[in-house]
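J.: I'd like to ask some things about the structure below.
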Amino acid sequence: MIGDVRETKECQLKDPMDLFHSGQVVKICAPMVRYSKLAFRTLVRKYSCDLCYTPMIVAADFVRSAKARDSEFTTNKVGDHPLIVQFAAKEAQVLCDAARIVCPFADGIDLNCGCPQRWAISEGYGACLINKPELVKDMVRHVRSQIDNPKFSVSVKIRIHEDLKRTVDLCQKAEAAGVSWITVHGRSIEERHQPVHYDAIKIIKQSMSIPIVANGDVKTLKDAENVHHLTEADGIMVARGLLANPAMFAGYEETPFQCIQDWVDIALEHGTPFTCFHHHLMYMMERITSKQEKKVFNVLSSTSAVLDYLNDHYGV
């Protein structure tokens with residue numbers, strides 16, 4: 001799909017750092033496996049989302065295989081910016097090669113140092129990198145030195161250590177290597193549903209001179225404002241909260257019907273596979289449908305059945 005972009009003269013690239021210099025808290029859609037693809041990014045951008053990430057892509061596969069590039073990375077030249085491509089990587093040169101491929105079509109890359117899934121950690125990706133600060137520093141420095149465009153951002157997304165001094169040290173090493181900003185998910189590798197340590201994010205923020213983005217358990221715009229207040233973070237990144245309500249950043253308490261209509265239009269226009277199209281609707285309608293309605297809606301098995309249901313029940 002990159003090929004479609006390449007035929008055009010110029011992508012309308014943007015400097016993501018302009019957002020952090022705007023004086024406003026930057027509202028960010030997180031990298032989500034299967035979900036934060038072009039169609040969904042198009043939807044949340046309509047509802048006040050400032051910056052979007054792709055789902056995590058394994059850099060080695062992306063560099064090696066044209067098929068992986070076509071299936072993993074889709075964008076367009078006008079509306080899908082600023083865009084950050086998130087990579088899982090464990091070798092500096094592989095990350096650089098991946099960055100070089102996406103550089104003409106995206107506004108930055110992000111190194112995933114936060115994924116706690118067993119497969120990622122056993123492969124040497126994701127959250128295990130928080131224990132390898134020299135490697136993280138080396139990867140950031142390599143990309144910085146090999147990408148000519150000074151506006152191309154290089155960020156990292158991390159989890160925290162039990163001993164916060166280690167996290168601050170990691171962040172300071174990344175900053176010294178030229179990282180643009182750091183997103184902090186305020187939980188350790190072992191923590192899943194425990195409360196987020198917003199106090200830790202605040203300490204990291206106070207120890208750094210680059211922007212810090214807070215991530216974890218933000219479900220509403222009010223939550224985002226509270227987390228900004230608690231952490232002093234420059235940006236707020238949201239995952240599940242946006243799945244449940246893509247209009248969250250625009251201040252809606254629950255998904256408005258117009259947003260559901262927009263999703264239908266965008267998904268059909270992009271040729272979104274049925275499972276993804278349907279799953280997004282299941283998330284979006286979670287709070288606005290009864291148990292009985294869910295029983296019916298969640299087992300629908302074709303786009304036409306979903307469209308008929310939405311039309312009959314909601315006039316969408």
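The chain as shown is numbered from 1 upward.
Glycine too: its Cβ is placed from the backbone N, Cα and C atoms.
TrEMBL feature annotations, pasted as is:
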ACT_SITE  Cys115  active site, proton donor
BINDING   Pro31, Met32, Val33, Gln86, His185, Ala239, Arg240  FMN binding site
DOMAIN    29-293  domain 'DUS-like FMN-binding'
J.: Measuring Cα to Cα, how many Å separate His185 (FMN binding site) from Cys115 (active site, proton donor)?
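T.: One finds 10 Å between the Cα atoms of these residues.
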J.: Would you say which of the recorded positions Met32, Cys115 has the most Cβ atoms within 10 Å of its own Cβ?
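T.: Comparing the recorded positions Met32, Cys115, the most crowded Cβ belongs to Cys115.
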J.: Would you mind ranking the binding-site residues Val33, Ala239 by how many other Cβ atoms sit within 10 Å of each Cβ and giving me the lowest?
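T.: Sparsest of the binding-site residues Val33, Ala239 by Cβ contacts within 10 Å: Val33.
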J.: Does anything in the same chain, at least 6 positions from Gln86 (FMN binding site), have a Cβ under 8 Å from its Cβ, and if so what?
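T.: Pro31, Tyr53, Thr54, Pro55, Met56, Ile57, Ile109, Asp110, Leu111, Asn112, Lys157 - these are the non-local Cβ neighbours of Gln86 (FMN binding site), listed in sequence order.
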J.: Only counting partners 6 or more residues apart, tell me which same-chain residues put their Cβ under 8 Å from the Cβ of Arg240 (FMN binding site).
T.: Lys219
J.: In the predicted model, what is the mean pLDDT computed over the domain 'DUS-like FMN-binding' (29-293)?
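T.: PLDDT averaged over the stretch: 97.
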J.: How long is the line from the C-alpha of Met32 (FMN binding site) to the C-alpha of the residue listed as 'active site, proton donor', rounded to the nearest angstrom?
T.: 11
J.: Where Cys115 (active site, proton donor) and Val33 (FMN binding site) are concerned, what is their Cα separation in Å, rounded?
T.: 11
J.: Max CA to CA distance in Å over the FMN-binding set Pro31, Met32, Val33, Gln86, His185, Ala239, Arg240?
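T.: Comparing all Cα pairs, the maximum is 17 Å.
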